[in-house]
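Taken from Swiss-Prot as is:
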- 1-39: topological domain 'Extracellular' (TOPO_DOM)
- Asn7: N-linked glycosylation site (CARBOHYD)
- 40-62: transmembrane segment (TRANSMEM)
- 63-73: topological domain 'Cytoplasmic' (TOPO_DOM)
- 74-95: transmembrane segment (TRANSMEM)
- 96-112: topological domain 'Extracellular' (TOPO_DOM)
- Cys110-Cys188: disulfide bond (DISULFID)
- 113-133: transmembrane segment (TRANSMEM)
- 134-152: topological domain 'Cytoplasmic' (TOPO_DOM)
- 153-174: transmembrane segment (TRANSMEM)
- 175-223: topological domain 'Extracellular' (TOPO_DOM)
- Asn191: N-linked glycosylation site (CARBOHYD)
- 224-244: transmembrane segment (TRANSMEM)
- 245-260: topological domain 'Cytoplasmic' (TOPO_DOM)
- 261-281: transmembrane segment (TRANSMEM)
- 282-299: topological domain 'Extracellular' (TOPO_DOM)
- 300-319: transmembrane segment (TRANSMEM)
- 320-372: topological domain 'Cytoplasmic' (TOPO_DOM)
- Ser338: phosphoserine (MOD_RES)
- Thr341: phosphothreonine (MOD_RES)
- Ser348: phosphoserine (MOD_RES)
- Ser351: phosphoserine (MOD_RES)
- Ser357: phosphoserine (MOD_RES)
- Thr371: phosphothreonine (MOD_RES)
Amino acid sequence: MEYEGYNDSSIYGEEYSDGSDYIVDLEEAGPLEAKVAEVFLVVIYSLVCFLGILGNGLVIVIATFKMKKTVNTVWFVNLAVADFLFNIFLPIHITYAAMDYHWVFGKAMCKISSFLLSHNMYTSVFLLTVISFDRCISVLLPVWSQNHRSVRLAYMTCVVVWVLAFFLSSPSLVFRDTVSTSHGKITCFNNFSLAAPEPFSHSTHPRTDPVGYSRHVAVTVTRFLCGFLIPVFIITACYLTIVFKLQRNRLAKTKKPFKIIITIIITFFLCWCPYHTLYLLELHHTAVPASVFSLGLPLATAVAIANSCMNPILYVFMGHDFKKFKVALFSRLVNALSEDTGPSSYPSHRSFTKMSSLIEKASVNEKETSTL
């Protein structure tokens, strides 16, 4: 998210902001620090974009066309779509950073791109929370879950998630704006005062706007509560309940489920905690050294967006649902290579089918000792 002017009239100066996309403006840092950070952001965001589009795209194809429609595949597809859309719009902001934070895409795209990024953030977080709650219910109430857990209900839940994310992301459509800076650049920022855009500079003396500040606080606190604190509390409570239930009933004979649970919680916490913490501190920016924001926000933002390319690994490929298809996918790739290169030492399709069957049986046996 851009670390840019709070609004167009420099009510709080360019050091005070509440950007709603995933690029950080580094004008507050020194020239060398800013340049290094810009290069760092472009490289990291490009890597995340590539891995995210590839990984989430593969998940969408596999879950949609190669797997039976189940509740889990509904979760996985929606989670992958949210992250995929997030990654699709990253090139716009990568270009923004590469052009030294000169916005050339117009006011409408400033609003739309920021809205979509925020919407996908909320959607991903809510879906992870729903997945955690669904798994918890499956362990605590297996009979009820078996009778009421349906694909139709999963689709309805996803619709609610996307609509709720739309509502929480709507401030981007209202407050995002563009303005020319004193350096001759156009910046995309949050105009919480809703005043007519005017060129601003670092030398402008900050004024007081209680309405704009209250809007800033409302957006930031809402984002922290709904996009982090409440989901983290629910996710942690769900998995702690699962661990307690499995330990008490001795349903798990291996430590793998617990490793997955710990990985999910720690990864989610580490990815988003620094980001939300720094933006909460930004509400009282005068009491915090400028270097904390100029250097900390780029790193925190990069870590946060990295979650979008790690989700396929953490929430899909570590689960049992994709084990069978991973073998089939490998078999298809080998057969394709064999057709292109002619006779080779690769095993035949029949041998791969047999091996796939054996691995599937082993997966079923393992699943009986694990709930994830």
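Placement of Cβ uses the backbone N, Cα and C atoms for every residue, glycine included.
Long-range contacts of the transmembrane segment (153-174) within its own chain (CB-CB distance under 8 A, at least 6 residues past either end) are made by residues 20, 71, 74-75, 78, 111-112, 114-115, 118-123, 126-127, 130, 194, 219, 222-223, 226-227.
Ranked by number of Cβ pairs under 8 Å to the transmembrane segment (74-95), the listed stretches 40-62, 113-133, 224-244 are led by 40-62. Cβ crowding, taken as the number of other Cβ atoms within 10 Å, peaks at Cys188 among the recorded positions Cys110, Cys188, Asn191. Through the fold, the topological domain 'Cytoplasmic' (134-152) approaches residues 69-71, 74-75, 238-239, 241-242, 245-246, 371-372 of its own chain, all at least 6 residues removed from its boundaries and within a Cβ separation under 8 Å. When secondary structure is read from DSSP and collapsed to three states, Cys188 (disulfide bond) falls in the strand class.
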